[in-house]
């Protein structure tokens, strides 16, 4: 097969458009930074907390609908040992966004956190926070790897471009525009990418469904033809594993920094909620084409195509079934359009993962621990270096494994079993402390390693009920063991937090033995919470007055010396906040006395 020159030209145009959009967005971010005169780090990482609602919906959806999403669903649907019932991604993501909107968005947005790890650092201090940041960073690196794997495989099949070149070119482009404009560049390129994903995938579907080499997918859905029915089955003894995978995808996504980056960039909690709910609907719609691609591939007589026998599954190429189907079952120009969808999906997820990990390292490690007095300019360079470092690490991992599902599940696995219970306890259980967090962390990691993982060849030491060889001859846990580990980790955090608080509160141990200073951190957290609540109250009060256009005399009676309407809203809010210093001091004194 010769190099597909027209395809390369189309891809070059696509990359130039994305790069141009990123450059334009970076110029906008610089204008916004000059206009508000605020923290440059907040502009870079959260777009000044003023992202447009529609752009927010697009960027959140595009972050989840990545290359792993598109290729992973097609792979699971086509795989004769799995089927569409195991292509779980779209439905659990609806659960992710609804839970995020209803429960997690409010405490994160109303406390004006900069990253997902801020509440951890506020509650547990720096030592424990570093331990918890590491799994989050590793998950982001794996995210970068799985998105690049999906694109490298697609380009090598359709364009006959070497796998290495495909990955390196895509990685370089994503790193460049993420470096230039931060969240502004990521968000505005996501708009273009999501539109391209939607149009490209749905344009390809009719050509796939009507190709002469495949049977009607309604006939092969429940009947054995060229392979097992593509709908698949969940046997009673497999129900535990299915439930475990569902919960992994539904709750694991709630422990990703990329999710909260979109929440925290919203101008209000209400906007964050709407963004979550709208994105849930988009994820469902965008998952349908990949299911159809997998169904068509499972209904195809590959011997009648130029691909020939053995089938893609027998050759170990199930992970590349989407580009293979596009290449051998559609006209050339349609396959090129299809690769545009995959490229757009990859870029939209990769840039999110790059900025997500850069946020965690620059804000929670460098700024809060290593260099607390770092200047704004210095922090901008730290963010850029972090983006490049994560990009290079993720790119290097792509040469270790070619399965999209491997990186997908291992990354989400860490978020679910280790980070999710920690996040729940930090946000919703005020008595949780560092001692409990340590026990939960150790419990989660130890049990997860001992439970094994067939995707990476790790044999199980702990065998839960139903542990046996799967259809591919790999020792697999069919019990919902990851959910069990998550619950045990959660209970460990709560139990040991309560016990250690009891020990120090009742004087069973002297406070000098409190090496993690849980009482001191509790007071600091109450102080921070009080400060955030008071500032939030001031902002809501004045913004409401501003919207209702209260007479100036009334505004002055509320906040003496308030400037006139010609001053920006943020300046007015800051001015009003200064008039509540006394109130804040009273509240803090009450907390300290408590």
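Cβ from N, Cα, C; glycine included.
Features as listed in TrEMBL:
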type	residues	note
TRANSMEM	6-25	transmembrane segment
TRANSMEM	51-73	transmembrane segment
TRANSMEM	85-104	transmembrane segment
TRANSMEM	124-143	transmembrane segment
TRANSMEM	163-184	transmembrane segment
TRANSMEM	191-209	transmembrane segment
TRANSMEM	246-264	transmembrane segment
TRANSMEM	276-298	transmembrane segment
TRANSMEM	333-361	transmembrane segment
TRANSMEM	381-400	transmembrane segment
TRANSMEM	482-504	transmembrane segment
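Here the transmembrane segment (276-298) does not touch the transmembrane segment (6-25). Their Cβ atoms form fewer than 3 pairs under 8 Å, with each pair 6 or more residues apart. Beyond the ends of the transmembrane segment (333-361), by six or more residues, the same chain brings 4, 6-7, 10-11, 14-15, 18, 45, 59, 62-71, 114-117, 133, 136-137, 140-141, 143-144, 147-148, 150-151, 154-155, 158-159, 170-171, 173-175, 177-178, 182-183, 185-186, 189-190, 192-194, 196-197, 200-201, 203-204, 207, 256-258, 261, 322-323, 326-327, 382-384, 386-387, 390-391, 394 to within a C-beta distance below 8 angstroms of the stretch. Across 85-104, 124-143, 163-184, 191-209, stretch 191-209 shows the highest tally of CB pairs under 8 A with the transmembrane segment (51-73). Sequence-distant residue pairs (6 or more apart) of the transmembrane segment (124-143) and the transmembrane segment (6-25) include fewer than 3 whose Cβ atoms are under 8 Å, leaving the two stretches without contact. Between the transmembrane segment (482-504) and the listed ranges 6-25, 163-184, 246-264, the one holding the most Cβ pairs under 8 Å is 246-264. When the stretches 6-25, 85-104, 246-264 are ranked by Cβ pairs under 8 Å to the transmembrane segment (163-184), first place goes to 6-25.
Counting only same-chain residues 6+ beyond the ends of the transmembrane segment (246-264), those with a CB under 8 A from a CB of the stretch are 45-46, 49, 51, 56, 59-60, 63-64, 88-89, 91-93, 95-96, 99-100, 104-105, 108-109, 112-117, 136, 139-140, 143, 183, 272, 275-276, 352-353, 355-357, 359-360, 409, 412-413, 415-416, 419-420, 422-423, 480, 482-483, 486. In this chain, the transmembrane segment (191-209) touches the transmembrane segment (6-25); three or more CB pairs sit within less than 8 A of each other, excluding pairs fewer than 6 residues apart.
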